Amino acid sequence: IAASQPSTNWHVKENARDHHTSKFSSRELIVRRGQAFVITFNGAEEAEQNLTFIVETGPKPSKQTRTQAIFGISSTVSKESWSAVLQSTSSNSVSISISSPPNAVIGRYKLSVQSDSSSSASLGTFVLLFNPWSSGDDVFMPSKAECEEYVLEEFGIIFAGNKNHISSFGWNFGQFQGDILDICLSMLDRSLSYRQDPITDASHRNDPKYLGRVLSAMVNANDDQGVVLGNWSGNYEGGKSPSSWTGSGEILQSWKKSGFRPVRYGQCWVFAAVLTTVLRCLGIPTRTITNFSSAHDADGNLRVDEFYDASGNHLNRAADSIWNFHVWNESWFTRSDLGPSYSGWQILDATPQEESEGIYQCGPASRKAIKEGDVELDYDCPFVFAEVNADCMYWNYDTSTGKKTLIFSQSTTIGQAISTKAVGRDDRVDVTNDYKYEEGSKKERDIFKKARKKLGLEDKFDPTAPTPQEIEQKPDVSGKFKVAGPLQIGKDLDLILVLANLQSDAKTVHINMTAWSTVYTRRPVHGIWKDSVSVTLSPKEEKQFPIKIPYTEYQQQLTTDNTIQVTALCHVEGGIQVLVQRDIALDNPTIDIQVLGEAKVNREVDVEVIFTNPIDTEVTDCVLQVEGSDLLRGILEIDVPPLKAGENSSTKFKLIPFEAGPKHLLVNFSCDKFANIKTFKMVNVTE
């Protein structure tokens, strides 16, 4: 090899096509493990001489930690180790096909070459990723369509709202944009595990379960100055409201630009969406999952306790809570540590809820282990099991004496309508049956008992648990809230409290009602309304009480989650109390996107966004935010003039798409009266 620096042709385009990495916009070679790539370099005048290649990654490359490999030219590809096969030679250049083993450490590698007669010469760097298309890889996914969706798709849909009223919004994962890959790699080098022991950490980067766990900690800011700072207070001063983000790119870029200071603020779907971006970027198939009526069991007893005072106010005094919804991730890989039956989808959760091994991290928990109640298996199965299965206890708490009385308990409310986006379509798929057996079935109760037993809860006396007598008691009156009008911001909220006497003698009932604005975790933020009424119900009688909460009364108190909790605590004379409650998710007004003309690569196309002010006062401070992978770079922000009552606004802008195929445009409109009205539109871009 000549003493001069050899020049390398990485055949970036052809290799990227073979390795499903064409979407990365990088000049550096990015390839997947367990698969060959071809390079050509010159300066090998005596190419027949014995060439030796060296690949190295991590802070202190070595053979022992599998962060270094030294290999010569062989006649065939090795399945077990790095290998090089001669493709062709010419007078001054040589083409080599290099293969990595399917369990190679991922990350950025240095490649150098040496021959008998010279010292080694650097050929440059390349990045190695996981390979779900390769059957030897831990992340191998047999379905090509699923690989496309869970690794290559940059658009996602996240489900929210509540179990009675599921809503959804689009998200731009943007895992192939700009320097996102570099940010993901630097995230690994900023983790606690790397700081404590860089050499060991780097050597574990071949293992998706290791990386998934480390990244579930790095996406939240707790412990390690990670990416996103959580805030569930309802007050988001000093940062952006969690509901205002429409993609991960802006968040990851801000984190890097600020010198890796946590980005303010996130809530569960933000943590889950950012983790999806990072894992898809590295090649681990990943999706977001929404669990409705999700339990946060802080004390590990598979039970959540909620407390109400005599007026029916939901007291914020328990560490346990039941969220309207919670979003986490599933990633696809094998579980060699647990055995083949636990492979497949694994739950990871980057939302900082409870510590695991002293750090805010969660998973990977095998979804199969959750369904079968095998809660003793790694990692964090009891917490995830409780999220979809916990029993709920509702208590009346006397604030003056500290005495608590059980109102009622439920075993079928937690973990409903578990949802994710369909493969290749913008639809919702229900995966509840993959998490548990049918609610109310004997099998489901048996699994719950099995989990309790494994956690040692069956045998030990729990002084905080209700007595069997308390659980068995039957109420004399039943109640429910019915919706009697549109659930829309800007409209009055009309409900009906329906009470029925279940007994054959008359009952006198004193009803205390409250309405609070909440965040989506059902944490009460502002009191909106209260009322009380006494009524006598004759035998078997049903009575209806209409309730109207005017828009003017709730508008100022609403959080950006647009949720209201309505409660009626019914004190039945001579009987047990009855709690009636409902969580209301109000819909924002709608916004419409029109693409005017055909979208073609590198041609301008006009887009129009139309919004009608539905309320009878002017709205001001109107801003439109637009983003979408392959349609525009970065985020477009447009100020929209104020709108009078009932007035229409039309905002036009131009796009120049730079990639063909089905792309998604995401729009977010905000003003002083409505926060984050979101919609998306699929745009078919042709060559």
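Every residue, even glycine, has its Cβ placed from backbone N, Cα and C.
Since the structure is predicted, the reported quantities are computational estimates derived from the model, not experimental observations.
When TrEMBL is compared with the stretches 1-21, 43-63, 337-357, the one noted as region 'Disordered' is 1-21.
If you measure from the Cα atom of N389 (Ca(2+) binding site) to that of H326 (active site), you get 14 Å. Panel annotation: around the compositional bias 'Basic and acidic residues' (11-21), residues 27-32, 35, 37-40, 129, 131, 133, 147, 151-152 of the same chain, lying at least six beyond its termini, place a Cβ under 8 Å from a Cβ of the stretch. It is 25 Å from the Cα atom of C268 (active site) to that of E439 (Ca(2+) binding site).
Here the Cα atom of E439 (Ca(2+) binding site) is found 19 Å from that of H326 (active site). Here the domain 'Transglutaminase-like' (260-352) has a mean pLDDT of 96 out of 100. For the pair D391 (Ca(2+) binding site) and H326 (active site), the C-alpha distance works out to 17 angstrom. Cβ-based crowding with a 10 Å cutoff singles out D349 as the top-ranked of the recorded positions D349, D391, E439, E444.
In sequence order, V388, A390, S411, T412, I414, G415, K436, G440, R445, F448 are the same-chain residues whose CB sits within 8 A of the CB centroid of N389, D391, E439, E444, the residues recorded for Ca(2+) being left out.
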